[in-house]
Amino acid sequence: MGNWVVNHWFSVLFLAVWLGLNVFLFVDAFLKYETADRYYYTRKILGSTLACARASALCLNFNSMLILLPVCRSLLSFLRGTCSFCSRTLRKQLDHNLTFHKLVAYMICLHTAIHIIAHLFNFDRYSRSRQATDGSLVSILSSLSHDETKGGSWLNPIQFRNMTVEYVTFTSIAGLTGVIMTIALILMVTSATEFIRRSYFEVFWYTHHLFIFYILGLGIHGIGGIVRGQTEESINEGHPHKCAEYFEMWDDHDCRCRRPEFEGQPPESWKWILAPVILYICERILRFYRSQQKVVITKVVMHPSKVLELQMNKRGFSMEVGQYIFVNCPSISPLEWHPFTLTSAPEEDFFSIHIRAAGDWTENLIRAFEQQYSPIPRIEVDGPFGTANEDVFQYEVAVLVGAGIGVTPFASILKSIWYKFQCADHNLKTKKVGHAALNFDKATDILTGLKQKTSFGRPMWDNEFSTIATSHPKSVVGVFLCGPQTLAKSLRKCCHRYSSLDPRKVQFYFNKENF
């Protein structure tokens with residue numbers, strides 16, 4: 001536990017601040033709407049569910065502001081470059097961008113559920129109060145005229161006794177946008193599950209772009225102003241705590257309390273999401289411009305096990321080890337972009353990727369390049385983007401673990417190390433590489449073509465880590481993985497188990513590639 005805290009204290013602090021802000025915003029907004037004078041009459045109809053709905057709405061705005069930032073890949077790559085001289089703990093936080101993106105999405109789902117449930121109670125109470133004919137304060141408030149031309153100032157969005165909640169939901173701006181946003185959110189979350197992303201990537205890719213409808217709906221959701229409060233002028237003319245007792249005399253000219261007037265709260269969601277949306281649009285424009293630059297395919301190699309190697313050139317392309325690119329083939333799908341790790345070294349005069357058949361898109365791409373008498377398909381490239389593997393040269397000892405096609409990022413690293421040793425690069429901190437596990441069943445290595453492989457089968461990780469810790473008692477060891485989550489859990493536990501609480505002794509830092 002101590003090692004875990006030492007290695008993850010900044011992540012824990014960051015998550016604690018984020019959760020604390022969510023709690024603070026919810027409680028603060030709840031108390032505001034539960035005690036504000038301008039919502040005194042609204043609470044007479046709705047009760048505490050008004051405060052629940054508004055508090056969850058504020059938290060939705062806050063998390064919707066954050067949801068786009070972790071997927072601004074160009075921004076993250078820029079920050080990774082500018083943080084190259086920062087401490088390892090701070091730099092590693094950029095590797096958790098997708099994890100934070102998922103956590104924010106879960107928080108949005110939680111507050112969406114609270115918001116919807118609260119408004120279901122609100123509309124039920126609106127409906128029942130509109131049906132009331134007992135002459136109570138609630139029935140009087142609900143019967144206020146909707147005709148603004150006649151000086152009306154309504155509080156209840158249900159105008160007539162025979163008007164249904166469903167009618168109000170699908171004919172009001174707030175109700176219709178709420179339904180659209182909810183459907184979009186459900187489709188995005190369900191299609192982002194591990195099984196869908198791995199087996200039906202196209203479904204995930206297309207449905208995730210429904211975030212456009214979510215963002216647009218959020219921006220205009222509050223325009224209708226369904227939740228209304230008393231105007232400041234009306235409060236000054238007659239304070240609701242006093243005038244509520246004389247509601248039967250509001251129309252009496254001798255009464256000091258006038259009929260209250262209400263107004264909707266101006267929309268505020270757009271203020272929260274405006275800056276992130278502008279930043280994301282700039283990001284997409286940059287990536288579109290970058291993707292339109294011509295890519296020249298210089299070499300195509302078909303390896304065993306249905307693995308396609310593409311060597312390419314592109315003007316102005318500059319890469320670091322461990323980075324990845326997004327690839328699009330317009331002849332297969334003009335909208336689908338798939339991430340692939342670069343397998344070439346920065347020192348080479350080309351950049352390359354290895355593509356394994358793992359779905360419809362990759363199978364179609366490999367089939368297109370296998371056709372001998374057809375023209376080579378046009379490829380578009382966006383990137384490169386940074387990953388945790390960029391930090392491999394910051395460690396004196398590096399342990400590289402790859403499973404299946406996950407060995408591809410380490411091909412780039414191993415090639416670059418070879419080039420650096422050939423050039424006697426004195427800036428290279430790495431003195432020893434541990435393992436590069438190539439788990440293939442072929443006679444030759446899929447990347448190098450050599451018969452000799454580094455390792456077969458699954459190593460005994462406790463023995464490996466124990467040996468490394470003994471051999472390098474005062475070193476900082478970087479453990480890099482490109483592979484399945486189950487393997488990541490094992491390696492992460494070993495990193496924590498064999499790291500010393502004494503910072504002067506051996507420390508293991510776990511790094512996993514995330515797209």
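The backbone N, Cα and C atoms fix where each Cβ goes, and this holds for glycine too.
These figures come from a predicted structure and were not determined experimentally.
The transmembrane segment annotation in TrEMBL covers 12-33 (among others). The list of residues near the transmembrane segment (12-33) in space but at least 6 beyond its ends in sequence, with Cβ under 8 angstroms from a Cβ of it, reads 5, 39, 43, 50-52, 54-59, 62-63, 66, 93, 103, 107, 111.
Taken from TrEMBL, the feature transmembrane segment covers 45-69 (among others).
The transmembrane segment annotation in TrEMBL covers 103-121 (among others).
Here TrEMBL flags 167-189 (among others) as transmembrane segment. Within its own chain, the transmembrane segment (167-189) has Cβ neighbours under 8 Å at 105, 108-109, 112, 116, 119, 123, 157-158, 207-208, 210-211, 213-214, 217-218, 220-226, counting only residues six or more beyond its boundaries.
Taken from TrEMBL, the feature transmembrane segment covers 209-227 (among others). Away from its own ends, the transmembrane segment (209-227) comes close to residues 42, 50, 53-54, 60-61, 64, 67-68, 122, 157, 172-175, 177-178, 180-181, 184-185, 187-188, 263-270, 273, 277 of its chain (Cβ-Cβ under 8 Å, at least six residues beyond either end).
Counting residues per DSSP class in helix, strand and coil order gives 23 helix, 39 strand, 46 coil for the domain 'FAD-binding FR-type' (284-391). Per TrEMBL, the feature domain 'FAD-binding FR-type' maps to 284-391.
Within its own chain, the transmembrane segment (45-69) is flanked in space by residues 18, 21-22, 25-34, 39, 75, 100-101, 104-105, 107-108, 111-112, 114-115, 118-119, 121-122, 125-126, 129, 138, 141-142, 155-156, 211, 214-215, 218, 227, 268-269, 272-273, 275-277, 279-280, which lie at least six positions past its ends and keep a Cβ under 8 Å from the stretch. Computed over the domain 'FAD-binding FR-type' (284-391), the whole-number mean pLDDT of the model equals 85.
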